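Annotated features in TrEMBL:
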type     : residues : note
DNA_BIND : 69-129   : DNA-binding region
DOMAIN   : 67-128   : domain 'Homeobox'
DOMAIN   : 131-245  : domain 'TLC'
TRANSMEM : 45-68    : transmembrane segment
TRANSMEM : 140-160  : transmembrane segment
TRANSMEM : 180-198  : transmembrane segment
TRANSMEM : 210-229  : transmembrane segment
Amino acid sequence: MLQTLYDYFWWERLWLPVNLTWADLEDKDGRVYAKASDLYITLPLALLFLVIRYFFELYVATPLAALLNVKEKTRLRAPPNATLEHFYQTSGKQPKQVEVDLLSRQSGLSGRQVERWFRRRRNQDRPSLLKKFREASWRFTYYLIAFVAGMAVTVDKPWFYDLRKVWEGYPIQSIIPSQYWYYMIELSFYWSLLFSIASDVKRKDFKEQIIHHVATIILLCFSWFANYVRAGTLIMALHDASDYL
């Protein structure tokens with residue numbers, strides 16, 4: 001069963017032009033082609049990115065925040081209340097009016113006091129300004145470096161100026177080391193974003209962010225499988241040009 005699914009997935013007619021097989025894309029005569037097995041390295045690299053990010057935020061972003069006088073506003077904490085805390089954790093962070101009235105009777109507080117308690121309790125869970133600054137600093141730094149590296153990888157290639165050369169001889173297009181590492185580093189970074197999304201600042205578009213990261217990873221993987229590497233490097237450089245801004 002698994003072998004059948006594997007054979008269908010890698011069916012040559014799905015991936016390659018007519019009269020070409022995977023055997024035609026085997027490394028020979030000094031030419032190196034994209035292979036699915038190349039992507040295994042991106043998972044340990046993603047973990048390495050998480051380690052680098054930790055030290056960057058600790059030793060670069062935090063001192064920079066102090067230098068720029070980034071300060072967190074003082075937030076009033078909600079006083080301890082077991083009844084309201086239980087509702088907050090189990091039923092919701094924004095009770096409806098009927099629920100406010102019920103909680104008011106159960107806790108001995110007025111309706112206005114209950115609403116104030118929930119407002120302060122929600123503010124406690126909001127990420128600090130320093131955490132936002134650290135995360136933004138990390139992403140800005142990566143995207144800026146990735147953009148510079150992407151330009152270095154693509155600007156001296158003939159297909160940067162003439163898009164017809166992107167498909168010249170496709171898919172018999174050898175991979176050069178700079179293209180390989182550009183792809184591996186970009187893919188590793190998006191893996192790291194997916195791994196850390198649960199602990200990052202949770203924004204209103206949390207679900208959309210997950211979909212974006214997964215879609216990006218799939219696109220990078222499939223473009224590598226099909227040897228769309230020339231087009232892929234151009235598209236990555238184009239996105240990195242705006243991401244850091």
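Just so you know, glycine gets a Cβ as well, placed from its N, Cα and C.
With DSSP classes pooled into helix, strand and coil, the tally for the domain 'Homeobox' (67-128) is 36 helix, 0 strand, 26 coil. For the domain 'TLC' (131-245), the number of residues in each DSSP class (helix H, G, I; strand E, B; coil) is 87 helix, 0 strand, 28 coil. Over the domain 'TLC' (131-245) the predicted model carries a mean pLDDT of 91.
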